[in-house]
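TrEMBL has this to say about the protein:
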type	residues	note
COMPBIAS	170-186	compositional bias 'Basic and acidic residues'
DOMAIN	1-143	domain 'TORTIFOLIA1/SINE1-2 N-terminal'
DOMAIN	252-385	domain 'TORTIFOLIA1/TORL1-2 C-terminal'
REGION	146-202	region 'Disordered'
Amino acid sequence: MGDQNKAVQSGAAMCMAKMVECAVDPPVAAFQKMCPRICKLLNNPNFLAKAALLPVVSNLSQVGAISPQNFDSLLQGIQECLGSPDWAIRKAAAETLSALAMHSSHLITDGATSTLTALEGSRFDKIKPVRDSMLEALQLWKKILGKGDGGTDDQKSVSQESENPEPQEISEKNDANPSVRKEPSGKDSSPTEDSASRAKAGNIPDKAVVLLKRKTPVLTDKELNPEFFQKLETRGSEALEDDNVGRERDPVWAAWTNAMDALHVGDIDTAYAEVLSTGDDLLLVKLMDRSGPTVDQLSNEVATEVLHAVAQFLQEQNLFDVCLSWIQQLFEMVLENGPNSVPLPTEVKKELLFNLHETSSAIDPPDDWEGAAPDQLLLQLASAWGIDLQQFDK
């Protein structure tokens, strides 16, 4: 656990968690001696594998091996993990709090109120799996304090927030990042290598694999706009000179690492949510290239953000075929499931059609394009959405 390599730390923590979980006759007294060490690691900023260590606490709680004298210190360390920039740590912290509420509630004293406050402040996490774990923990801790009656309303509130984000929220996000999606200008740095997955491998659904093989253009095989990717290459080179600890502390690198981890286990929605949270167009283009069109695997709010970006990227000639593959999939979904199968805001639909209208006559699709012609995509989507194309000629 003292090694400064994250993979080594994670492996050791996972072994500890499995050891506690599989103990037939748990040596409670021996397990309790692990608690002070875990407290120190959770509070150590140089310990990199907190997401793997937190399940050890959950398993110790299940076998009744958390000592009363260490409980408050553990609780404080877990609460601090709720504010981590790493979504995997936040999720593990919420799940650990759920385990403590279920198996160690008799140890909870003065820390219940502060824990409830921390969970209340984290229940609108931008990552849906984290948000779900936060909500579950929140309900359990409310029951401990006798406030469980409000659980249903909270759950509805979070559900509605995630499924139907307010237009003002999206607008404020764009205002906070004025350069985002206005013009791909190269303000970014993107990592140039994938991280190792921290979860069990999963498979992307067959439909996505087919689309990826059939339609996904490979950006690295093209001569891209050098100005568009200039800073990407510059900061990518600088990133290679940094050590692993430096990378872990860089929020953009952390978001990209989390996105790649999610992509590797088939959690496409979380991968895109991570990249969108950085407000970085170049990272988004890089992820779009790697995953291929995946509108059918995105939540409504994430799909809206990505397709809004596609509408903006249409104006960049070198990205036209990337955008076209996403629009083709959107068209197939609308054709198969109806015009509201992807509930986009009207302004996003109009912007998508307007920019496609502007570029389809000026830019030809690639020679190996197997989808519908751009003008046909334009006409069919406009017809399905009930949007008059003549307004674009005014």
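Cβ atoms here come from the backbone N, Cα and C positions, even for glycine.
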Stretch-averaged pLDDT - the domain 'TORTIFOLIA1/TORL1-2 C-terminal' (252-385): 87
The domain 'TORTIFOLIA1/SINE1-2 N-terminal' (1-143), counted residue by residue under DSSP: helix, strand, coil: 106 helix, 0 strand, 37 coil
